[in-house]
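Below is one structure; the comments refer to it alone.
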Amino acid sequence: MKTITALASLGLLLLSGLASAKQVEVSIYKKKFTPQQVVIAPGDTVIWRNKEKRQYHNVWFKQFSKEEPDIFFPGETFEQRFDKEGTYPYECGPHPKMTGTVIVKAG
């Protein structure tokens, strides 16, 4: 009985952690990320949504990858979950003047 109770408690703890994770959306329109900066908690996900009519984009975290990521087209999205606290600057590879920042902090 103790094992079942412990497993049930662990399951609830894991589910409560998932339930508290949030999704934040960043729109891409007129060659801008809006909002340009987001502040999220560890475990949250940022979704970039391309709202352009014809233009493709990507989200490139250059500090973590030297290789430019795949592009995504109007109507498509890109998602990234952030588990560690920190500041994550990014840009659009094809349009390097398009920049943004994800700040991950607890509390």
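Placed from the backbone N, Cα and C atoms, the Cβ positions cover glycine too.
TrEMBL labels come from automatic prediction, so no person has curated them.
Taken verbatim from TrEMBL:
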| type | residues | note |
| --- | --- | --- |
| SIGNAL | 1-21 | signal peptide |
| DOMAIN | 24-105 | domain 'Blue (type 1) copper' |
| BINDING | HIS57, CYS92, HIS95 | Cu cation binding site |
Exercise for review: Name, in the order they occur in the sequence, the residues of the same chain whose CB lies under 8 A from the CB of HIS95 (Cu cation binding site) and which sit 6 or more residues away.
Suggested key: LYS31, HIS57
Review point. Residue counts in helix (H, G, I), strand (E, B) and coil for the domain 'Blue (type 1) copper' (24-105), per DSSP?
Key: 0 helix, 44 strand, 38 coil
Practice item. List the residues of the same chain that sit at least 6 positions away from CYS92 (Cu cation binding site) in sequence and have their Cβ under 8 Å from its Cβ, in sequence order, or write 'none'. Key: ILE28, LYS31, PHE33, HIS57, ASN58, VAL59, TRP60, MET98, THR99
Revision key, fill the gap. Using a 10 Å radius on the Cβ of HIS57 (Cu cation binding site), the other Cβ atoms enclosed count 23
Point to revise | Environment of HIS57, CYS92, HIS95, the listed Cu cation site - residues of the same chain whose CB lies within 8 A of the CB centroid | key: ILE28, LYS31, GLN55, TYR56, ASN58, GLU91, GLY93, PRO94, PRO96, MET98
